[in-house]
Amino acid sequence: MLRLGSHVSMSGKKMLLGASEEAASYGSNTFMIYTGAPQNTRRKPIEELNIEAGLEHMKAHDMADIVVHAPYIINIGNSVKPETFELGVNFLQSEIERTRALGAKQIVLHPGAHVGEGADKGIKQIIQGLNEALIHDQDVQIALETMAGKGSECGRTFEEIAQIIDGVTHNELLSVTFDTCHTHDAGYDIVNDFDGVLNEFDKIIGVDRLKVLHINDSKNERGAHKDRHANIGFGHIGFDALHYIVHHPQLADVPKILETPYVGEDKASKKAPYKWEIAMLRNGEFDPDLLNKIQNS
C-alpha cells in the first residue's frame with residue numbers, strides 16, 4: 001500500500017493529535033514529525049504529547065508507519081568539541097524514548113558533520129556515538145539519511161553510510177532514509193537511471209535497510225552539493241522521476257515523506273503545498289500551474 005505524507009507540526013496542546021489532524025487534511029496516510037523545535041533541545045515530557053488521542057485519530061484515519069526526525073542540533077560527528085558530541089549522544093537516547101512512546105519505528109538522523117577534521121575521523125566519531133546511544137533491546141531504528149555533501153557533512157555517498165553501518169555493533173538497529181534531493185545533489189543520477197542507483201544502493205548498503213523515503217525536488221543541478229528543496233516537478237529532478245520513485249514496486253512498503261517548501265512570497269501567508277503535491281503524485285499528472293493555484297487558494 002502506498003504510504004504518502006509530509007512533514008507536519010507537532011505543537012501546542014494537541015501535539016500528536018494535531019499532527020495527525022494536519023496530515024489528514026492533506027490526504028496523507030503517514031507523516032513525519034519533530035518531537036519539538038529542530039534547532040533546540042527543549043522538549044515536553046512524554047505524558048504531555050497527547051499520545052492516546054493522537055493514536056486514536058491515526059487509527060480512525062488509516063495513518064501508519066509514521067516517522068520522527070531527530071533535531072539538527074545533534075552532531076555526533078564532532079570530534080573537536082566533546083560537549084557537542086556528548087549532547088548529541090544523550091539527546092539521541094532521549095529522542096529514541098520519545099519515538100518509542102509515539103509508536104514510531106524510525107527516527108531519521110543526519111549522520112553528522114566532521115567540522116573540518118576529515119570524513120574518516122567524522123565517520124569514526126559517528127560510529128562511536130551510535131555505539132553509545134543504541135540500546136540492543138530497543139524497537140526503534142535510527143534511519144541514517146543520505147546527505148547532499150554540503151560543508152563537512154558525512155553520509156554523502158552510499159559507501160560512507162555503509163562504513164558507518166559496518167562499524168556499529170548493534171547495526172540491526174540502523175536503517176536508511178533515502179532523500180531524493182540530497183542524493184541528486186550528491187551526484188547520483190536518479191532522473192535518468194533510478195533503477196541503476198537503487199541497484200548500486202542495494203549492492204553497497206542493501207535495499208532491505210531502506211525504511212524511509214524523503215520525496216523532494218531540487219533547486220540545483222545534479223552534483224551541486226547544495227541541499228535546497230524545490231516543490232514537486234518544479235526543480236531539476238522533475239515530476240516524472242519523482243512519480244516513478246514514489247510508485248516503484250521495490251519500495252512499495254516504504255513510507256514516502258514530502259519536505260517541500262511552503263508556497264508564497266510573504267512569510268506570514270505562505271501555504272503548505274502538501275495536499276496538492278500528494279494528490280498530484282497519486283494521480284500521476286503534473287500541473288504546471290500548481291504553485292499559482294496554491295497561492296490563490
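Note: Cβ is positioned from N, Cα and C throughout, glycine not excepted.
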Candidates E95, E97, E259, the one Swiss-Prot lists with E145, D179, H214 as binding Zn(2+) 2: E259
Residue in H114, H136, H170, H182 which Swiss-Prot records at the Zn(2+) 3 site where D227, H229 also bind: H182
Site-mate of H110, E145 for Zn(2+) 1 in Swiss-Prot, selected among H61, H69: H69
Packing count at D227 (Zn(2+) 3 binding site) (other Cβ atoms within 10 Å of its Cβ): 21
Cβ atoms near H229 (Zn(2+) 3 binding site) (within 10 Å, other residues, all chains): 22
Binding-site residues listed as H110, H214, least Cβ neighbours within 10 Å: H110
